[in-house]
Amino acid sequence: MHPEPAPPPSRSSPELPPSGGSTTSGSRRSRRRSGDGEPPGAPPPPPSAVTYPDWIGQSYSEVMSLNEHSMQALSWRKLYLSRAKLKASSRTSALLSGFAMVAMVEVQLDADHDYPPGLLIAFSACTTVLVAVHLFALMISTCILPNIEAVSNVHNLNSVKESPHERMHRHIELAWAFSTVIGTLLFLAEVVLLCWVKFLPLKKQPGQPRPTSKPPASGAAANVSTSGITPGQAAAIASTTIMVPFGLIFIVFAVHFYRSLVSHKTDRQFQELNELAEFARLQDQLDHRGDHPLTPGSHYA
């Protein structure tokens, strides 16, 4: 006897899915596509294997490259600063020395007035020293500036080594100090002395007619003794009163500016020393990398 074949499934009755069958496999495939199939708390994939000596060598090369670029940038910054100082010194010195020479030549001395000997000596000495200081600063600027200009116009980073600004640093600072500090103080003193020389002979009082003949000596002495301060003396005293506070303000500002500049340079030096210390530490680690062998990727721990 042959067994009876099984009846075909009816279309009216839906086929039930097997327990844990295709539904489970489909959910697994969907989780695998979305990336959520991994259990929570799984460690991330390990980084690429980089040995500690290789990492130190890479850091060393980066620091060396940055150090070289920073040194070139520092040299170019010093070159541009030196050029700016020389240009400012040359312009200031030419202007102030020319004014002092014109003032000394164009001043009209009254032959009938008895000038104090100290006033004339101070005016002559101040004018001479003022012109000498500014001409010295102008000479330094004229001699050094063309060499710096020739290097700064070359579009090459290594051409900064051909500039004499590093070797002539003291001369550049001296010219800048003579032109902007000492020369300006002497110019303020020159203005005060020029006011005294120019206005001191004026003795005519307001509302009085100009005398047609020279009065006798006794009358002139009596007039001077009874009149008090003349208009010329008042003008000279007024100019001195105005100029002295400005001179003190100029000195205070110069000292404050110098202290601020020195403080800024000191901070920059400390920063460069810290960078050099970091560079020395990396160099020491690179030199002794064979003394402490480490496994790959251990520096990431």
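Here the Cβ of each residue, glycine as well, is placed from N, Cα and C on the backbone.
The model shown is predicted, which means the values in this text are computed figures rather than measured ones.
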| said: Looking only at the topology recorded in Swiss-Prot, are L81 and G228 found on one side of the membrane? | reply: no
| query | Which numbers of helix, strand and coil residues does DSSP report for the region 'Interaction with STIM1' (272-292)? | reply | 16 helix, 0 strand, 5 coil
| query | For the topological domain 'Extracellular' (106-119), what are the DSSP-based totals of helix, strand and coil residues? | reply | 4 helix, 0 strand, 10 coil
| query | Can you tell me the mean pLDDT for the topological domain 'Cytoplasmic' (1-87)? | reply | 58
| With every protein chain in view, how many other Cβ atoms are within 10 Å of the Cβ of E106 (site 'Confers selective permeability to Ca(2+) ions')? | 7
